[in-house]
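Enquirer: Let me begin by handing over the structure; questions about it come next.
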Amino acid sequence: MLHLSMWNNSSESNATSMAGSTGVIEQALGLTLAVMLGLVIFSLGCSVEVSKIWFNLKRPWGILVGLVCQVVVMPLTSYLLALAFSVSPVQAVAIIVIGSCPGGTISNIITYWLDGDMDLSITMTSVSTLLGLGTMPLSLYLYSHTWVEAGRIDIPYLNIGLACICLIVPATCGVLVNYKWPKVARILLKVGSIVGGLVALGIGIASILFYNGLWNTDTPILVIGSVFPVIGYFIGFVIAVIVRQPWNRCRTIAMETGAQNMQICGTVLQLFFPPHQLSQVITLPIMYSCFQLLTGLLLIIAYQIYKRMAYQNNFMTSEENGQPIENGPNGEINATYTTYMSDFM
């Protein structure tokens, strides 16, 4: 009995020690997430040129169409997907978080290779991020109300809103640095991109190590994570075509609609979901990230094949008629990207 009592006391002590260690790890992880998010937003600010934003704001039709897709259509689509697949309350809230996120910087890269409007792409990413500071809590409140009550999920709307407002500070600092010292901003953008990527990788590894059941994900979550970005790209393109935007802007709006900022999404999920709930949904942003990139790559390959074929046809026609050769289909040249991508090289 004495040995049993001693073993029980030892077990309780070990459990308490492990719980304390887990708490320390979670606090450290939360702090790292906050720093990472601030760094990502600051880096985004360093890529923003005030003159380009002002140019697009004076002709805001393309931005307005893109923002309607980003702020209205994507959260609504996430709500409908959650209803259609009858997921759990925690999973439904996570899906709506993804739909409510602002556009991701990956859309800028894909937009270039699709010969889109780079100025519009960068402006939309920046504006959607700033608006997302307020629209994310609003969309969560509007669309997740039913599931929050059913699952007794405590979403700290005020804390999310305050945290989003705090993100304006690093974003503004990044814009000011790029305005005053553009060369310094390019260096900071490189460093921020590399460090942010490494930290994101570390967070992913930590999630695998510390959250049990990561890969025991329900099939509906895997399906939603794979089809959601495709739906976003498609809806964005269709809406842009309906309102008769130029083809290069249709491609841009499509990419800005479907490509969400998964770094912000992952951070928000880990900030207000406890570990036992986070393990049910952490695969969702990972799946979305993979498939938004994979779909983008497939679109790039298809477009580049079309572009090469169109160029060859133009070449043959020009030779026959003695006319100069155009640079590509519709003569589209993406000169903006030369300056934009030089920041990363």
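Placement of Cβ uses the backbone N, Cα and C atoms for every residue, glycine included.
From TrEMBL, for reference:
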- 28-50: transmembrane segment (TRANSMEM)
- 62-86: transmembrane segment (TRANSMEM)
- 92-114: transmembrane segment (TRANSMEM)
- 121-143: transmembrane segment (TRANSMEM)
- 155-179: transmembrane segment (TRANSMEM)
- 191-215: transmembrane segment (TRANSMEM)
- 221-241: transmembrane segment (TRANSMEM)
- 285-306: transmembrane segment (TRANSMEM)
Enquirer: Please indicate, using numbers and ranges, the residues of the same chain that are 6 or more beyond the transmembrane segment (62-86) and have a C-beta under 8 Å from a C-beta there.
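Expert: Here the qualifying positions are 56, 92, 95-96, 98-100, 102-103, 117, 120, 123-124, 127-128, 131-132, 135, 139, 142-143, 147, 220, 223-224, 228, 231-232, 235-236, 239-240, 243, 245, 249, 252-253, 256-257, 260.
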Enquirer: Could you pull out which residues elsewhere in the chain have a CB under 8 Å from any CB of the transmembrane segment (221-241), counting only those six or more residues past its ends?
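Expert: Those are 65-66, 68-69, 73-74, 77-78, 81-82, 85, 87, 91, 95, 98-99, 249-251, 253-260, 281, 283-288, 290-292, 295-296, 299, in sequence order.
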